[in-house]
Amino acid sequence: MEQFYYILKYLILGLFQGLTEPIPISSSGHLVLAQHLLGLKIEGFSFELLVNSASLLAVLLIYRNDLIRLTKNGLSYIFTRAEDAKSDFFFIIYLVIATIPAGVIGVLFKDYIDQYLKGVKMVGISLLITAVGLWIIRNLRGRKNDGDLSMKDAIIVGLAQACALIPGISRSGATIVAAMLLGMKQETALRFSFLLYIPVSLGGLLLSITDIAKDPNLDTLFVPYIVAFIATFIMTYISLKWFMNIMAKGNLKYFSFYCIIVGVLTLIFL
């Protein structure tokens, strides 16, 4: 019976993670709220690593063609200086640059963030900040394509991503808001945001991989962890495909409304 409880618990958290990871409402913030509201305390170090791995796998699957093209053209430009591969080569460079702020800040301030910025009230405030950003860009229509990006764009989007280390600040929301304020087209902003998720997530996995071996609950929670992984992967795939359609229709304001409602309710009642 206890094992069934754990399976159900991690199934719920996995579905929750998968649903909220791609869309701009902060998956980390919602996990904090879900644990608080449902009284679900996560045992062990490996859960966040596990569900992030599942979300990463779903993103890799969806953007596989972009990744293949970027890799092919990036190598082509390095070895042949092919002019038609130049924009993809620099797109990769800008992704690397944009990864740096979150990586540096995450390493230096992880303990501080975990101790002081993961409270329920902080999540409420951060969701309201996310809502404001999404509202500001609701009608923006930029002109920048992949080939029009600059180092300045990469640095600013990278700094925006670093802000999302705070639960309640959506990673996809922060990066898309920054990208669109810099004049990127919606599809360019979306692609840059989720391709940027890949190196950041991989870096986090590499830094945390030893947590699995140290997890004292791994034997007990092996099956629930697998259930959470599968649930997160499937839900992330579905949620990201849905979000891509929402972006294409320019309906980001609905996510802003949602973040306002949840943020206000969190501050009042939790």
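Counting begins at 1 with the first residue displayed.
A Cβ is built for glycine as well, from the same backbone N, Cα and C atoms used for every other residue.
Going by Swiss-Prot, these are the annotated features:
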TRANSMEM  5-25  transmembrane segment
TRANSMEM  42-62  transmembrane segment
TRANSMEM  89-109  transmembrane segment
TRANSMEM  117-137  transmembrane segment
TRANSMEM  192-212  transmembrane segment
TRANSMEM  220-240  transmembrane segment
TRANSMEM  250-270  transmembrane segment
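For the transmembrane segment (117-137), the most Cβ-contacting stretch among 5-25, 42-62, 192-212, 220-240, 250-270 is 250-270 (pairs under 8 Å). Scored by C-beta pairs under 8 angstroms, the transmembrane segment (5-25) has its highest count with 220-240, from the stretches 42-62, 220-240, 250-270. Here the listed stretches are 42-62, 89-109, 220-240, 250-270, and the one with the most C-beta pairs under 8 angstroms to the transmembrane segment (192-212) is 42-62. Sequence-distant neighbours of the transmembrane segment (42-62) (same chain, 6+ residues past either end, Cβ-Cβ under 8 Å): 10, 13-14, 17-18, 21-22, 27, 35, 194, 197-198, 201-202, 204-205, 208-209, 211-212, 214-218, 220-221, 225, 228-234, 236-237, 240-241.
If one looks beyond the transmembrane segment (250-270) by at least 6 residues along the same chain, the residues whose Cβ comes under 8 Å of a Cβ in the stretch are 23-26, 33, 36-37, 120-121, 123-128, 130-132, 134-135, 137-139, 168, 170, 173, 176, 186.
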